[in-house]
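Listed features, source Swiss-Prot:
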type    : residues                                                       : note
BINDING : His115, His119, Asp311                                         : Fe cation binding site
BINDING : Leu138, Val139, Ser140, Gly141, Gly142, Asp171, Gly184, Asn283 : substrate binding site
Amino acid sequence: MPTVLGLETSCDESAAAVLRQEGDQLTVLSHGIASQVEEHAQWGGVVPEIASRRHVEALPNLVEHALKDAGLIAADLDAIAATVAPGLVGALMVGSITGRTLAALHQKPFLAVHHLEAHLASVFLADQPPKAPYLVLLVSGGHTELIRVDQRGEMKRLGRSHDDAAGEAFDKVARLMGLGYPGGPAIQAIAVEGDAKRFRLPKGRVSKPEGGFYPYDFSFSGLKTAVLRHVEALKRESEELPLADLAASFEQIVADVLVERSLRCCLEQGIDQLVMVGGVAANQRLRSLMHAVGQSKGVSVHIAPLAYCTDNAAMVAVAALRRLSSGVKSSSLELGVSARWPLEKALSLYGSTPPF
């Protein structure tokens, strides 16, 4: 029954969680998050220096409460895991140094976790997790990717955004509309009352050099520009902005694009299971549409529980537990952090020779 303490500090959420695994059963013994959303909202986005400072302040208390709520002491743990890449370097260092220090102090294995692998692992906290092979739609503030996971756990990216991630587009459009930060929850809140068919917005596509389009890739920068033009035109006409209709139209087109390309990829690649994870996976319109269209096309859809869509430490612990189950022993205590590191190289985070 391995028990792992997970730490997450890759961006603006400080988190600590303790999870235990018995066979295929995962139990969240404790799970705490200290959000910085309100502090960063006044700046319209995450300020890295502030984020790092708040992690330093919050993480020790989160670790203390995670162990206390789980009814454990550090000696009871089998391993300690922390996110080390990708993310804000200063923020990542707080979690990594904390995790490595605790591991050294209590003589426990340290597992360095890739942030995107942790998001992929979040679906295993659902009641009915998938069985490989499956396709993952990772959709968040920093990433929009389609990733195939095979029976051996190997990952291959089949599609990606060439500019803004979907979550980034939500933030930018919300700012254009004066809705504040973070954009996803703000847009969802008012879109409920809006007419999603009022404004025609583009489904951005990515052209191939030889002609045609990449079928599984995404582009959201043009969509953001289209919303801006509608806003400017309405202001020139001295009309009150129909915020609910704009929000609903934008939210619907993003959901349509994500669902259409994800399921097309499944069908053309012969995959009958789709996993959706990441912060944008919390969007209710997207969740409902993905389930409905997936069912109509014979694709089983698995979505991370709402509580574990945005950045959290439970998903870090799950990723670590899955690595332990696969035979991984530990990561080097000399391993640093990296702002960028491809998901395909996540396995390099384990072993005696650190990649950075």
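Each residue, glycine too, has its Cβ placed from N, Cα and C.
Since the structure is predicted, the reported quantities are computational estimates derived from the model, not experimental observations.
The two recorded residues, Leu138 (substrate binding site) and His119 (Fe cation binding site), show a Cα separation of 8 Å. Annotated Fe cation site His115, His119, Asp311; additional same-chain residues within 8 Å of its Cβ mean position, judged by their own Cβ, are Glu8, Ser10, Thr83, Leu116, Ala118, Ser140, Gly278, Asn312, Met315, Val316. Taking His115, His119, Asp311 as the binding-site residues under consideration, the smallest Cα distance to Asp171 (substrate binding site) is found for Asp311. Among the binding-site residues His115, His119, the residue whose Cβ has the fewest other Cβ atoms within 10 Å is His115. When Cβ atoms from all protein chains are considered, those within 10 Å of Gly141 (substrate binding site) total 25, not counting its own. Considering only the residues assigned to substrate binding, Leu138, Val139, Ser140, Gly141, Gly142, Asp171, Gly184, Asn283, the longest pairwise Cα distance works out to 17 Å. Each of the binding-site residues Leu138, Val139 was scored by how many other Cβ atoms lie within 10 Å of its Cβ, and the smallest score goes to Leu138. Annotation for Gly184 (substrate binding site): same-chain Cβ neighbours under 8 Å, separated by at least 6 residues, are Gly167, Phe170, Asp171, Ala174, Gly279, Val280, Ala282, Asn283. In the three-state DSSP scheme, His115 (Fe cation binding site) is classed as helix. On a Cα basis, Ser140 (substrate binding site) lies 9 Å away from Asp311 (Fe cation binding site). Its Cβ placed at the centre, Gly142 (substrate binding site) has 18 other Cβ atoms within 10 Å. In this structure the alpha carbons, written CA, of Gly141 (substrate binding site) and His115 (Fe cation binding site) are 13 Å apart.
The C-beta environment of Ser140 (substrate binding site), restricted to residues of the same chain at least 6 apart in sequence and closer than 8 Å, consists of His119, Ala165, Ala166, Gly167, Gly278, Gly279, Val280. Taken residue by residue with DSSP, Val139 (substrate binding site) is part of a strand.
Note on the binding-site residues Asp171, Asp311: the fewest other CB atoms within 10 A surround the CB of Asp171.
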